[in-house]
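What follows is a set of notes on a single structure, which appears directly below.
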């Protein structure tokens, strides 16, 4: 769907569908007030009412949508409102529709237009790749959304459309990748998708296979992947190396294309959802897509450890001791705590770039879902300034993060009696000890870990712009944080 902006009087605009957002206390403009019955409209948040003007206006249809109380404007609610409008436009089978940009206190036309664009594109997302019996009309999408703005706000709104569109396309790429079945998205295929992205934006990419990883000493990734016929890959994409004076930010993603648990095998119930155990890698690729589209003046290095964790005659075992890329030794106590082992090598490699910050994203622990549920990302960091930067970005982007502690007693819990660290510590503080394990592999560099295990997948539809399945979480937070970095 193409999104554009134009200036004009909404009530004089000829369109298949005119979307007009109204606050609870806002009066209906004439002649709309004469076209509905008293009591049919209140303006409560997300209420909708479809009106057929029948010649009273140039628009063929008008969709009123409630914005709630004017005293509590909310960009995330604007995303939801835009998603609802777009979905209704698709239901009505219109080719194009217009949306009047509301005025929100403490927000600019750019931020509001960005939120509307995000919500519309995220709300129109559907994963239909494996639906073989759909008719063409069932795959039909709206062609164009036109935002209506005052003349003096058109340029600002256009910038918002560019930003919101890039972010939404990045999120939807991440959703696509995490929704793919594991028989189609193997580590090798994930590397191919990464290469397609790199080629599209003319970015340098390096993909290491098992032989190259063995030669360089990637003992963690190799061990986790050795039980599967689908061999692991290590992927690096380098963006913005020409920005020599800009910070270097490393984005590290866990890319388990399927996680059976290995020898410490998971229960059968819900194991199918473990195709999304590469959501961290998906978020990194989605973010990089948006970064490249927006041409952010930063040096960003995307690093992904991709593997499949399977039981088998060659699988790694509880009791094994692994030598990682850093030289540190890991005692394996549970093969289902594999993501941290993969990330140990990825985080070690990231240090070669001497980054200003390393940010990793991973569906790392079920414990974070128990602690925070589906409403917040678990955030851990060895640098308070970096942590607060990410918290602020999450609030602004609509992807909240909550910081948990990494005190020394937690770091003591991951120490091994017979190796340097152990990959499992029991039930207590599971999300924290997993982060403490990762902390052992980042050196002295500022580092943050985003545990997205509770937010990467949804079996419901918690928000209008968030369908069932992969959420693409992390992309919006990262883009907001990186944009803030360019303005610091």
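Backbone N, Cα and C define each Cβ position, glycine as well.
Annotated Mn(2+) 2 binding site per Swiss-Prot: 254, 259, 277, 338, in sequence order. Within its own chain, residue 338 (Mn(2+) 2 binding site) has 224, 256, 259, 262, 307, 309, 423 as residues 6 or more apart in sequence whose C-beta sits under 8 angstroms from its own.
Per Swiss-Prot, the feature Mn(2+) 1 binding site maps to 259, 336, 338; the stated evidence is sequence analysis. In three-state terms derived from DSSP, residue 259 (Mn(2+) 2 binding site) belongs to an extended strand segment.
Per Swiss-Prot, active site is recorded for 266 (among others). In the three-state DSSP reading, residue 266 (active site) counts as coil.
Annotation comment: Swiss-Prot describes 340 (among others) as active site. Note on residue 340 (active site): other Cβ atoms within 10 Å of its Cβ, all shown chains, come to 28.
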Within 10 Å of its Cβ, which one of these recorded positions (254, 266) has the largest number of other Cβ atoms?
254
For residue 336 (Mn(2+) 1 binding site), what residues in its own chain, 6 or more apart in sequence, show a Cβ-Cβ distance under 8 Å?
259, 261, 262, 264, 265, 266, 309
Chain-mates of 254, 259, 277, 338 with C-beta within 8 Å of site centroid, Mn(2+) 2:
224, 255, 256, 274, 278, 307, 309, 339, 342, 362, 363
Taking the centroid of the Cβ atoms of 259, 336, 338 as the Mn(2+) 1 site, which other residues of that chain lie with their Cβ within 8 Å of it, listed in sequence order?
224, 256, 260, 261, 262, 264, 266, 277, 309, 335, 337, 339
Could you state the whole-number distance in Å separating the C-alpha atoms of residue 254 (Mn(2+) 2 binding site) and residue 340 (active site)?
8
